[in-house]
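What follows is a short report on a single structure.
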Amino acid sequence: MKSPTCKSTVHLFQKEMYFWTFGTIMAVLLSWMTMIYLNSWRLLLTILALPALLVLMCLKWYPESARYYLVSDQYEKAVEVLQEVAKINGTELPTGRLVRVVAEEKRGRLKKLLSKEYWMATLLLWYLGWATYLVVYGASFITPIIIQAGFLGRVENNNQTSGNETESASDVVPCVEFTQENFIDLLWMSCAELPGLLIFTFIAEKWSRKMTLSISCIINGILLLLLLLRTYKSVILIILFAIRGFMVAISRLVFIISLEIYPTTFRSVGLAYHLLFGELAGFVAPYVAQVLVYDQPEAAIGVLSGSIILAGIAAAFLPFETKGVYMKEVAK
């Protein structure tokens, strides 16, 4: 699906982000109800899979992109899509004929991302995608740990083994069922995304994209370091609340910059590689935020904090400012 090529991109994406957040909150509520009253994680996964199944069933009726039809030499289908869109919106197409696309060069090639004009932006965006997803996943993984323990630190193990005995996984990483109080903490922690989105909605079109992203990343890195404090649980939860709020805004802003920085001819490739590096971070995050954090919490938080602070520095060096700039159709 192609995004709009004007300022409405940001407005549409902002609305989509709220639905994502409401979905997260709904997932927590379903987990609470299912695990507390039915105690069946299999049933929970089945319920959570139903919306995705519904989407797959509805894809048949989802309209294809007119641009896709146009660039793939399906002119008549492109016109039909535009006519249908005009009909739904109660208007008519402009006078004239839709211009056919002449394929002078191959589209969607990786080398375009690394061309003279875009190589620096591409490398910085790859790192930004990796760092933001690492911290988003990391913050999600450490949230249950903090909710249950009240802090990040080494877990004292009284069941020490000796000799050739093998230590069980449950001794290294304790598995404790969530209580009703834990689910309440997790619910309002997930609600932290809403203030982050509200702030993002306000500043997205008011301030510089680069400076907003840079400052937000650095502040979030400092907040992550504060998780190592040994203080009241309520203080740590407030810090974690702020981290979750910042990270949802940061991740969405990085995605929007990735949308706006590339021209239409290879925007989809740029987004694909941005998401690829984000998913690679998803492989690393569990080792940092679920394994290393138990034995070396300082090292785990140092990795997360250092990554996002470096992302803030990288954001300041992005070669393009996309605020208020219309999305380009082709590269220069």
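Backbone N, Cα and C atoms are what each Cβ position is placed from, and that goes for glycine too.
Quick look at what TrEMBL lists:
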type	residues	note
DOMAIN	1-323	domain 'Major facilitator superfamily (MFS) profile'
TRANSMEM	17-37	transmembrane segment
TRANSMEM	43-62	transmembrane segment
TRANSMEM	118-147	transmembrane segment
TRANSMEM	211-229	transmembrane segment
TRANSMEM	235-259	transmembrane segment
TRANSMEM	271-293	transmembrane segment
TRANSMEM	299-318	transmembrane segment
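Remark: the transmembrane segment (43-62) makes no contact with the transmembrane segment (118-147), by the rule of 3 or more CB pairs under 8 A. Computed over the domain 'Major facilitator superfamily (MFS) profile' (1-323), the whole-number mean pLDDT of the model equals 81. Here the transmembrane segment (211-229) touches the transmembrane segment (299-318). Their Cβ atoms form 3 or more pairs under 8 Å, with each pair 6 or more residues apart. Among the recorded stretches 17-37, 235-259, 271-293, 299-318, the one sharing the largest number of Cβ pairs closer than 8 Å with the transmembrane segment (118-147) is 271-293.
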